[in-house]
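*Asks:* Have a look at the structure that comes next, please.
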């Protein structure tokens, strides 16, 4: 009965059935959170863990059938590592290696040349959770003075139970598309501590519905405009026949539209976390905050003219996880650029094995480097600073936004098209203009800075 209904709904929406299943599963998180608030908030921890485990497993089975055994195997192995190997570097390295190799093997055996929704999609989220769990357990054995403030908050004082790890792993608000959160946050949720009313369910319905409404709006925008900007159009003769300016503008508009696919899912999922209480982030300036699970800063995402601003407002929890568990733990290398490159390399393979991911994250590094050079030039040059703050700023902002989104879309092409033959065809059709631009600015900006700014007045560029 359910299958024909899903097929009809899929046809009506013009979306593949797996995508419809995924969206419905994210939405089901809202009634799950209501059940938790209404019936389970005062129940013992064991009952709450069981509810989170079985509701998450049910959603996984609804989407991926018998392939849920992949996640079950990794959760069990992770628990055994913590129990049998203890708080050791070996535990952390073993966890990192096993979980990442299992994910990469999944990519290798299931990958196609298309964007497929399969068991590896939630598994990449789970991989970060379980690897982060090993780090947090390891940190719990150190002296507090040896830890950063982030590490102290997340550190585990004791080994979790298997049921606790399962509830944490399968929690309906984060199992499918994120966000990332720590076991300590999950433990506080189960203990009823994440509430603006101590000892009572949180007053989080209104903020949760605001995020749902915003996520739904983003979903509607994507549903309306995505048929006009399909990935497949890049590979058609019609696209090749268009004027050069049209091909570039198409990339700009396509990038804006395609990212709403991710924005909508993350913001709707965040609403589930807020409704359950997991999104509670304490009191700031006398106001209760609900952004602990925020994976998007939508206003900043829409208004920033900077590449760095877009990156810092997009997939926030994953970026924070990579910064906390990869970038900052590579401090012993003594080189921020090397730590940055290594972190991007990790994120590349975490996303998948396609060449498009490698190219995308490589270009991200150079884009950010060029932008930092440009910002340092404007900051140090009185002439350029005056121009940037003049009455021409609105015009400069519009031009900057156009360039920003054109060159945000440029590295997204291989990210979304995956394979060498596809992204090379697109780049060839626009004469590798992005590569030429980035290389030219990378070489020219330092020279211009030397000419316009005396050496003693130059500020250092950030490399983190």
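In case you wondered, yes, glycine gets a Cβ from its N, Cα and C as well.
Positions annotated as transmembrane segment by TrEMBL: 20-37, 44-62, 92-110, 212-229, 356-378, 390-408, 428-448.
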*Asks:* If I count Cβ-Cβ pairs under 8 A between the transmembrane segment (20-37) and each of 44-62, 92-110, 212-229, 390-408, 428-448, which range comes out on top?
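*Replies:* Out of the listed stretches, 44-62 contacts the transmembrane segment (20-37) most.
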*Asks:* Report the listed stretch (44-62, 212-229, 428-448) having the maximum count of Cβ pairs within less than 8 Å of the transmembrane segment (390-408).
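*Replies:* Stretch with maximum Cβ contacts: 428-448.
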*Asks:* Cβ under 8 Å, sequence separation of at least 6 from the ends of the transmembrane segment (44-62): give me the contacting residues as numbers and ranges.
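*Replies:* Residues packing against the transmembrane segment (44-62) from afar: 21, 25, 28, 32, 35-36, 68, 71, 122, 163-164, 166-172, 175-176, 190-191.
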*Asks:* Near the transmembrane segment (212-229), which residues from the same chain, at least 6 beyond its ends, have a CB less than 8 A from one of its CBs?
*Replies:* 13-15, 23, 30, 250, 253-254, 257-258, 260-261, 263-271, 298
